[in-house]
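Record features, source TrEMBL:
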type: BINDING; residues: 66, 104, 312, 316; note: divalent metal cation binding site
């Protein structure tokens, strides 16, 4: 499969536009074209050990959930391990693609997989995603009606205002008079200038409507999940379910104030990876994530919310097997997809 064709298919599976603005997603390393991908190699973290495994298994593209290139590289040498990853990838004609928070957001992504560790439940995103392309430009829409005498002068001045888009004018009949209805999209800064201009004519301003443009929410898509269990389950039972789902011998637990290990859990807020910013302020019986800051754990406990921490990548890595099966169907069995055997969380209980 051609690399560009594959990247397009991967973007269709989970659009990079769903990723957080601070993230670095998509194709990060591209061998010189043409580049054919026969083997796609999945990993949670692309370490040097994992890169060596990818080379040995003759991978043509590595899909690394976490982007190995995050902060900009000023040089590509053999000095640092991330620079060496790029060198090894290019020497062996291996591309690198990272989806990261785009996979967190999609309904068939990492967070939905993590909720399966709780048992039968329904879930909704904690922070829903908005449609990336609607509206394309502007935060506000201004509409007003003007007669022939006013129209040319007003439009001439409006066209001189920066950050205005979608300017249209259509014939309209207002109170039995032939007029023109003008519609435009604008930024907050441009809105102030448009309002100031229109307010110079009281009759014109009285016929002005200002609408706030809001992008529609995408169903079942967004960061984090708030899960409602079909039946309440004790915290101790939830702990065992999570350990079984993530295949972990141990997790870290903080019991909420006024609660015990036998207290029932009905609602759980879930976020793969580092969940502090996503979970904060959510009302729930339980927070389930990979890691949280010490003070955010204290805040949760003080509010009667129990916390289960599983280490960052342990809440993500198990998704790779499910991803392999999903991508096999999505790509219509056109390429070989394998999951890294060397990829693992860097932290262990000693």
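The chain as shown is numbered from 1 upward.
For all residues, glycine too, the Cβ spot is worked out from N, Cα and C.
In TrEMBL, annotation is done automatically, which means it is predicted and not curated.
Comparing local CB density within 10 A for the binding-site residues 66, 312, the maximum falls on 312. For the binding-site residues given as 104, 316, the lowest number of other CB atoms within 10 Å of the residue's CB is seen at 316.
Summary of the divalent metal cation site environment: with the site residues 66, 104, 312, 316 set aside, the chain residues having Cβ atoms within 8 Å of the Cβ mean position are 44, 65, 100, 110, 272, 273, 274, 290, 313, 315.
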